Amino acid sequence: MNDNSLTRIQPDWYSPTRLLDTPVVYDFPGDRFIPNRSLMDLDQAHTLLINRTNNKLRKPNFNDEYRRKMEENLKLDVEGRPFRMLVFRGSPKSSRQSTRLIDEMRRSDKEIPLQTNENRRYRKFPLKASRALDAPLLSDDYYSNVMDWGKSNILAVVLGSILYIWNAQVQKAGVLMEVKREDDCPTSVAWSDDGKIVAVGCDSSKLQLWDAETSRLVRDLQGHQSRVGCVAWNGHILTSGSKDRSIINHDVRARSNLVSVTRAHGGEVCGVKWSSTGNALASGGNDNLVYIWDSFKTSSRHYMHRFNEHHAAVKALAWCPYNSDVLASGGGIDDGCLKIWNTQKGTCISTNDTGAQICGLQWNRHHKEILSGHGFGTGESHCQLCLWSYPSMARIGEPLRHASSSRILHLSQSPDGLTVVSAGADETLRFWEIFGPPQESSENVTHLDNLLSLKALAVR
């Protein structure tokens, strides 16, 4: 055993030599009447006590030389090392916390108010949708993105060949555009950041901009060769993904709209999402890949990261609202995994096998949670809405579903982040008050409100 080991036990542990060779560190001073002898030369003191001499004591000469010698003898040991004979110390440091620290912890505990039944606020989760809207001819297509809730509190949704807009404030619907050819139906929609313009991608590869206030076509954007299944805005830049495997950035202000064309995916581009800061773009494809692009280097050779851990198409993408470096992605029916990525480090933070196709993801801006909308699968999440706590990814509450056992195709949330709308293959839109802050009480909820929550209204 090493001689320097702190755990060794000497039979002469109480000897002055041991105390001198092993200095002890102290954390607070002790009682002034109890000297600590660890730094005293007890060997010399013991020798002077037992050494009897016949020399008569002489009256000491208290001159300066005597005082200097006395200080040397009192401050230096036999080997010339400095020490003080009477040094008052406290107990040695140990692995236990000092009593003063414990007292501080107790005082801090007293300062924290306890939560009682009187001041505790509970979060209320819905058991059913607060509103349901009839949505006939809603396309049961995993690869389309035909619903978006804009900042002006207007919901855009494609039913068949018609693009409807539904004003959530006045609860009225209207027609924004209608196509005449069946092969030219809208397959993707996205509101601009100011909530005034709707970008519409079509099955025929057309990409159009529509003014929601005047219901007029503002512009046609060219570049794709096949259907445009996903679109996303970043200021004046509109990004579109297509079945032709390309991602195009359009500058809607410029006469020549093409900014960059990226061909990195080996299959149809199913989803595109810009981060909240606008510095990064995420894209998911039918090749089971997720790419992260720098906003200044959106070309095929300059992607930031390439994630290949999914085993099915990736449509559902969502950036974390309180951490711009965190991205959530969901795989298709042969994957069913909800993955959380650190896009700065290029690593996977967590993987949650939901057992069902993930068609949509929405982050909760009021609580650290994420909502997933599911399609077909063999697990408990089959055709359901599931709420997950972040970062533990533990499921919260019971799953929610549409009236029939039909898959959930699309998710979007209101501008205030309190309500989520889901579009299902049962041709209904259902609104869920699932993201709201804790409610103080349920006294304001009347029986009439409960009855109205079961009422189905038509969009058109």
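Cβ atoms here come from the backbone N, Cα and C positions, even for glycine.
According to TrEMBL, the feature domain 'CDC20/Fizzy WD40' maps to 133-432.
Long-range contacts of the repeat 'WD' (187-220) within its own chain (CB-CB distance under 8 A, at least 6 residues past either end) are made by residues 139, 141, 143-154, 156-158, 163, 165, 174-177, 179, 181, 226-233, 235, 238, 240, 242, 244, 250, 252, 257, 415. Annotated repeat 'WD' per TrEMBL: 187-220 (among others), in sequence order.
Per TrEMBL, repeat 'WD' is recorded for 262-294 (among others). Tertiary proximity for the repeat 'WD' (262-294) is limited to same-chain residues at least six positions away from its ends with a CB under 8 Å from its CB atoms, namely 142-143, 145, 229-235, 239-243, 245-249, 300, 302-308, 310-319, 321, 324, 327, 329, 331, 335, 341, 343, 346.
Residues annotated as repeat 'WD' in TrEMBL: 401-434 (among others). Counted with DSSP, the repeat 'WD' (401-434) comes out as 0 helix, 16 strand, 18 coil.
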Checklist line | Residues of the repeat 'WD' (262-294) by DSSP state, where helix covers H, G and I | finding: 0 helix, 18 strand, 15 coil
